Amino acid sequence: MRNRPVVTQFILLGIPNTEGLETMLFVLFLSFYIFTLMGNLLILLAIISSSRLHTPMYFFLCKLSIFDIFFPSVSSSKMLFYLSGNSRAISYAGCVSQLFFYHFLGCTECFLYTVMAYDRFVAICYPLRYSIIMSHRVCAILATGTSFFGCIQAIFLTTLTFQLPYCGPNEVDYYFCDIPVMLKLACADTSALEMVGFISVGLMPLSCFLLILTSYSCIVCSILQIRSAEGRRRAFSTFSAHLTAILLFYMPVVLIYLRPTPSPWLDATVQVLNNLVTPMLNPLIYSLRNKEVKASLWKVLRKPAFAPEQL
C-alpha cells in the first residue's frame with residue numbers, strides 16, 4: 001500500500017510574502033490572463049482567415065498560440081479562483097492533473113520552439129528547397145511529434161513525483177502544484193528523485209536550446225551573405241522575433257529548474273513571468289514585427305464595419 005496516498009487534498013498557500021495583496025494581484029493577473037487570451041485568439045483568427053498565412057511558419061505559430069492559451073490556464077485559473085476569496089484547497093487528483101498538464105504544455109512548447117527554429121533555418125538557408133523540405137506531411141509529423149514527446153516527458157515527471165507517499169503536511173508553499181514544492185511534502189527520501197528530475201527537466205530544455213542555437217548560428221551566417229539590404233532586413237526581422245520569444249521562454253526555465261539553491265519568492269515571480277507574461281507578449285512579438293500578420297489582423301478587425309454594406 002506504499003503508493004496509496006494518505007493526503008487527499010492540498011492547500012495552495014500562494015506566492016510567498018504577498019499576504020494582504022490578494023485584491024491587487026487578482027486584478028493584475030486577471031488583466032494579464034485576459035490580454036493573453038485575446039492576443040492569441042486574434043493571432044489564430046488572423047492566420048486562419050488569411051490564405052497568404054497558410055505556410056509552415058504560421059502553422060507552427062498557430063499551434064504555439066493554442067498552447068499559449070492553455071498553458072497559463074493550467075496554473076492561473078486556480079490562482080485567480082483563490083485570490084478572489086475562494087478556497088485554496090485542491091484535490092490530490094487535481095494536483096496530479098495540474099502538474100501533468102503544466103509540464104505537457106511546457107515541454108511541447110519547448111519542442112515547438114525547436115521546430116520553429118528549424119523551419120526558419122530551412123527557409124533562410126535553403127529557400128529554393130523550402131517547400132519540398134517543409135511539406136505538409138513533414139509539418140504534420142513535426143507538430144504531432146512535439147505533442148507526443150511533450151506527453152511522454154510529462155508522464156515521466158508526473159509519475160516520478162506522485163509515486164512517492166504523501167502522508168504528512170499538505171500545505172503547498174506555492175501558487176500551483178509543481179515538482180520542487182511537491183517533493184518537499186513527500187514522506188520519503190527524495191534526494192535520488194530530485195537528481196533524476198533535475199537531469200530530466202534540465203537536459204531536455206538544454207538539448208532543445210543547443211539545437212536552436214545551432215540553427216540560429218547557421219541563420220546568422222546565411223543572412224550576412226545576403227547582398228540585398230532589404231533582404232537582410234526582412235530576414236533579421238523574422239529571425240529577431242523568434243529569438244526574442246525563445247529567450248523569454250527559456251530564461252525562466254533555467255532560473256527555476258537549474259539553480260542549485262531554490263528561492264520560493266524568486267521562483268514564484270519568475271514562474272508568473274513564464275506563465276502569464278510570456279504568453280501575453282508572444283502575439284505582440286510576432287504581430288508587431290510582421291507586416292503580413294498586421295495586415296491580416298487589420299483586415300479581420302475591419303470586416304464587421306463593412307458587413308452591413310455588403311448586405
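Residue numbers in this text run from 1 along the chain shown.
Backbone N, Cα and C atoms are what each Cβ position is placed from, and that goes for glycine too.
Computed from a predicted structure; not experimentally measured.
TrEMBL annotations:
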DOMAIN    39-286  domain 'G-protein coupled receptors family 1 profile'
TRANSMEM  24-48  transmembrane segment
TRANSMEM  100-118  transmembrane segment
TRANSMEM  138-156  transmembrane segment
TRANSMEM  203-224  transmembrane segment
TRANSMEM  236-258  transmembrane segment
Spatial neighbours of the transmembrane segment (203-224) not adjacent in sequence (6+ beyond its ends, CB under 8 Å) are 107, 110-111, 113-114, 117-118, 120-121, 124-125, 153, 232, 235-236, 239, 243, 246, 250, 253-254, 257
Any residues 6+ beyond the ends of the transmembrane segment (138-156) with a Cβ under 8 Å from its own?
56, 59-60, 63, 100-101, 103-112, 115, 118, 200, 204
Any idea what the model's mean pLDDT is for the domain 'G-protein coupled receptors family 1 profile' (39-286)?
85
